[in-house]
Ligand SMILES: Nc1ncnc2c1ncn2[C@@H]1O[C@H](COP(=O)(O)OP(=O)(O)OP(=O)(O)O)[C@@H](O)[C@H]1O
């Protein structure tokens, strides 16, 4: 008993508390970084890095000398490659650190909004625009921020209504070109430039507006609704995949399912960072 008391007394509680704090802070930072990366291209890059290190360990363990030598030779280039590949995400993390919103509110769902109402407004607007053959590009945010895309357009921060959407896309208005960004139940910005898809096998009848929608949904977890100016057809792009020729009911169904049952009351935040600079120089105007 006295030995137990002596050993308890010998514990340096201050160092223990500091070590615990250290572990908690590091774990929290890692958690926030994972939440930030998830659903974006950065996530695939991180998985790729994980696979690379797994291969290094495996080749070492199996005694695959040449493969191990090759992988070990490439490893010192890793930090530079990571900075290049994850440049947009690293920039966003630093910006968030500066704005202090890296630590606070959750990065995913920040506000409880009526997503069903937002979806309804978008479906109604798409139906009207489709009937008039007015081109439209509506990007719906899901996770993290879209600040760099928003920066390419004009900030509005207005409630999403069919009237506002149809007015914005009315040909000839100053903001009809480009995409509108909907986030947290608000039409945050209009006239935004999206990154174009660089997928190799895009059909020739997929024009710039649809390519931009595909690009935005490839680079982030955004859900993009498109109305073709040429044919009036309504399409949706999710994860780089374009689903064309949707009836309003199917569009509503897909949007509700994209925002998930749990998210029916919340419009999550989303980010899209990659390729904007390239797209802003490529985007055409009508
Ligand atoms: N990178 C981009 N980001 C945002 N909007 C874009 C981008 N590229 C094109 N657009 C929008 O698409 C419009 C022109 O698209 P496009 O040339 O595909 O029109 P279209 O021939 O009528 O085809 P569609 O049937 O796809 O509407 C532009 O005026 C612009 O509003």
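Cβ atoms here come from the backbone N, Cα and C positions, even for glycine.
TrEMBL entries are annotated by machine, without manual review.
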Between the candidate ranges 43-63, 64-84, where does TrEMBL place the transmembrane segment annotation?
43-63
Which sequence-distant residues neighbour the transmembrane segment (43-63)? Criterion: at least 6 residues beyond either end, Cβ under 8 Å.
37, 71-72, 75, 78, 82, 85-86
